[in-house]
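Following: one structure in structure tokens, then a few remarks.
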């Protein structure tokens, strides 16, 4: 099972990716995770990427493709893989094609912008553990405090409302074109063309998971 998850930032791709990778026993290749690890380690790549992400921009194709190519060489990708947050642009999608990266399915998770702004701007994180809360959907027992340690929660820079809206604008301008790109490729009947599936990403998490599994079964 080799697939790409498409959808706006905050559409729930990461959550559904977790369910899919467990069901099919494949690694989730998240450029966000790879970038955050680089930021945390303070590598030159990480420092450059943090500045771009904090401003709501997209990290350059060269940086991302370099990370992805290295990742696909690892042994756990032999049976398949799940891309979450990649490709984000037509040049990245073309680079994947040229590199011979096989894709069986492209799954789009569709969520309205207003729902995404509410989801993301309400996130709060405990920096030391990575535990995540939401002021409305999953609040801590004490407002602004981690349940286990009582330490302060923070709002990540890329979860602030202004940044979320900018990221959505960037998504609509640069990444949404991939919906058409993969739809056309899927409809072309060309050898190696993936199947394209679209599901609604609003509602109970389990319901969205079941929709995703059903989409990947046909």
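First residue shown is number 1, and so on along the chain.
Cβ atoms are placed via backbone N, Cα and C, with glycine included.
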Checking feature assignment: region 'NMP' per Swiss-Prot, candidates 30-59, 60-89. Which range matches? 30-59
Swiss-Prot record, region 'LID', of the ranges 122-159, 160-197 the matching one is 122-159
Using a 10 Å cut-off, grab the number of neighbouring Cβ atoms around the Cβ of residue 14 (ATP binding site), all chains included. 16
Cα within 10 Å of residue 123 (ATP binding site): which of the binding-site residues 31, 57, 86, 88, 156 qualify? 156
In chain order, residues whose C-beta lies under 8 angstroms from the C-beta of residue 156 (AMP binding site), counting only those at least six residues away in the same chain, are 123, 125
Here the Cα-Cα span from residue 86 (AMP binding site) to residue 14 (ATP binding site), rounded to a whole number of angstrom, reaches 12
